[in-house]
Ligand SMILES: *Cc1c(COP(=O)(O)O)cnc(C)c1O
């Protein structure tokens, strides 16, 4: 068989395994928890109009919107002095919206921690709207993103309108399991967090970490693409704070004042976020989700670490290893072994381990362990990896 054209190697997500056995390890968009997917299916069979057809100003939709906001507040312990916005344009929309809202003009400065592909993208976008001062998380020898640099008085520009970081670098596999605190003398600077791929999987100390803005595109852990949740501290809102060039759809103050109804929001997607928040609550809350996230990640990293080098993972510092996205290679990236792994796992229904990204296929495969993946499913992958290594000469 010519394996080069095998669907598993072309990134296909339609495994030949029975549907019930498919496990989606995609980095996003991806599957939501089964119970949430069932509720979504229920929307299509509901009598009367649903969030797919309701006007966004109808009382029935306002209830759906209020529910999603209220549950997100409860589950993520979002304090009252923060506003919850449903914004447009995905994570990339926020890359632009941040400087446009927090910098009044292009001469304003923002400090960016750059420790992976997504924070790099954030910088590329921000540079069009403000002066970017960056702190580097690369290994000085290899140039690879390996660490999260310390935040010190020396490396943060004290005039920064904000300090930006990505709490989980989805591609590079670096996660801050807790948000850092800025040095005492710089505490007045708001922290801005791209939590696109880890939001809802661990608690956030909003005040303690000095969070000013935190955003998460929905398509990893909390819903479907087309919606982003942006949480903003209210003192950062106000007439005349944003750049005069900030488009209305991106303007936090405009959208906050209009209660998320300045223009048509992604109505159905908002209902789905509410479903996910209900699900988290029913599981025992975000602390329980965190325990599961740890268990899933440990299952995979354990196989890697005990494989005598058969499997490799780029981040050595265990305190920084992502629980959400576990990058791994096989025999140092050996193509034949990698292809065999991809085909065998795909045929067993384990999909999404190598997907195409804006950054190419990358040197590593990646197991993404978002809310849609259960602990048992992560263990299945771990078992498969162990057996594969035994069979292929670990
Ligand atoms: C997926 C992702 C994004 C990109 O979001 P889009 O909705 O595709 O614009 C941004 N940041 C992180 C950390 C991500 O994982």
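Using N, Cα and C of the backbone, Cβ positions are placed for all residues, glycine too.
Predicted automatically and left uncurated, TrEMBL annotations should be read as such.
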Subject >> Which of 170, 253, 254 belongs with 118, 194, 263, 264 in the pyridoxal 5'-phosphate site listed by TrEMBL >> reply: 170
Original post:
C-alpha of residue 118 (pyridoxal 5'-phosphate binding site) to C-alpha of residue 220 (N6-(pyridoxal phosphate)lysine): distance in Å?
Top reply: 14
Original post:
When the number of other CB atoms within 10 A of each residue's CB is tallied over all shown chains, which of the recorded positions 57, 220 has the maximum?
Top reply: 220
Original post:
Secondary structure at residue 118 (pyridoxal 5'-phosphate binding site) (DSSP, helix/strand/coil)?
Top reply: helix
**OP:** Express the distance between the Cα positions of residue 264 (pyridoxal 5'-phosphate binding site) and residue 57 (L-glutamate binding site) as a whole number of Å.
**Re:** 9
Original post:
Which of the binding-site residues 57, 170, 194, 263, 264 have a Cβ less than 6 Å from any atom of ligand 1?
Top reply: 170, 194
Original post:
Counting all other Cβ atoms within 10 Å across every protein chain shown, which of the binding-site residues 170, 263, 264 scores highest?
Top reply: 170
Original post:
Roughly how many angstrom lie between the C-alpha atoms of residue 170 (pyridoxal 5'-phosphate binding site) and residue 220 (N6-(pyridoxal phosphate)lysine)?
Top reply: 10
